[in-house]
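Asks: Take a look at this one; I'll ask things after.
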Amino acid sequence: MAVGVFDSGLGGLTVLDAVQRRLPEVPFVYFGDNAHAPYGVRDADDIFALTCAATERLWAEGCDLVILACNTASAAALKRMQESWIPRDKRVLGVFVPLIEALTERQWGDNSPPREVAVKHVALFATPATVASRAFQRELAFRAIGVDVEAQPCGGVVDAIEQGDEILAEALVRSHVEALKRRMPHPQAAILGCTHYPLMEATFQEALGPEVTVYSQANLVAESLADYLARRPEFVGQGTESKFLTTGDPRSVSNKATQFLRRRITFEAA
């Protein structure tokens, strides 16, 4: 039994860390497509092709259920994958769903009409590709009415985090928050719509101010996955061991990942 976790780089490790803590008995196979990162500047067809290739690799590892722990892939590829590509005995889940459930306080299976929610002004921080897809706004509109979403494409942040340049990453986050607040001075909530961003959560919160509720994905996804597997245990796949795979240089990626999570992580070539 194993569950696959995919990201274009290292950001998905924030999700992996949370799901491992929540489900310690489940083996997880992590696949980082570091050779092609970042996805946030690629076009939708490119993202679709790369995401399908990574998903197939995780299926080959015995993971019948794959989590796209990458907002760009979830936004630009998942809908198309679910409509035309995923076989009936497999499942691929994105990371938007738990966020929208938390924001709208309604479950995913709730198909009642959209309704008013408490939060009216939402700031979305994400990669340029995620912002361009408008996937978050589309999914939110199915569930809530009267919510104003202001999206800020956060160019450069993922690269700075992947390169371990914390000072640059912090400066970029502050600059992106300032840019958004010029358009939406008083957001009630902020969505960190990239799995790299939880590492910068304190900086986002500080720049936004204490009155803004910041939604970060890792723990929300972990709770959602635990709930899903309780309802659908047949999708815990045949794999039996946890491992870390990368399309990049395993040694370099292992070193960065170890810095990233502050515990030893060893990647092998995918």
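Keep in mind that glycine also has a Cβ here, set from the backbone N, Cα and C atoms.
Pulled these from Swiss-Prot:
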- C70: active site, proton donor/acceptor (ACT_SITE)
- C194: active site, proton donor/acceptor (ACT_SITE)
- D7, S8, Y39, G40, N71, T72, T195, H196: substrate binding site (BINDING)
Asks: So which other residues, same chain and not among D7, S8, Y39, G40, N71, T72, T195, H196, have a Cβ within 8 Å of the centroid of the Cβ atoms at the substrate site?
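Replies: Counting only non-site residues, the set is G9, G11, G12, A37, P38, C70, A73, T127, T130, V158, C194.
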Asks: Enumerate same-chain residues with a sequence separation of six or more from T72 (substrate binding site) and a Cβ-Cβ distance below 8 A; give 'none' if the list is empty.
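Replies: Same-chain residues close to T72 (substrate binding site) (Cβ under 8 Å, separated by 6 or more) are S8, P38, Y39, G40, R42, I47, A126, T127, A129, T130, C194.
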Asks: Near C70 (active site, proton donor/acceptor), which residues of its chain come within a Cβ-Cβ distance under 8 Å, counting only those 6 or more away in sequence?
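Replies: Same-chain residues close to C70 (active site, proton donor/acceptor) (Cβ under 8 Å, separated by 6 or more) are F6, D7, S8, G11, G12, Y39, T51, V95, T195.
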Asks: Select one residue from D7, S8, G40, C194, H196: among these recorded positions, choose the one with the most other Cβ atoms within 10 Å of its Cβ.
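Replies: When each Cβ's neighbours within 10 Å are tallied, S8 tops the list.
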Asks: If you count Cβ atoms within 10 Å of each one, which of the binding-site residues N71, T195 comes out on top?
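Replies: Within the set of binding-site residues, the most crowded position is N71.
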Asks: Hey, what's the widest CA-to-CA gap across D7, S8, Y39, G40, N71, T72, T195, H196, the substrate contacts in the record, in Å?
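Replies: Taking every pair of listed residues, the largest Cα separation comes to 12 Å.
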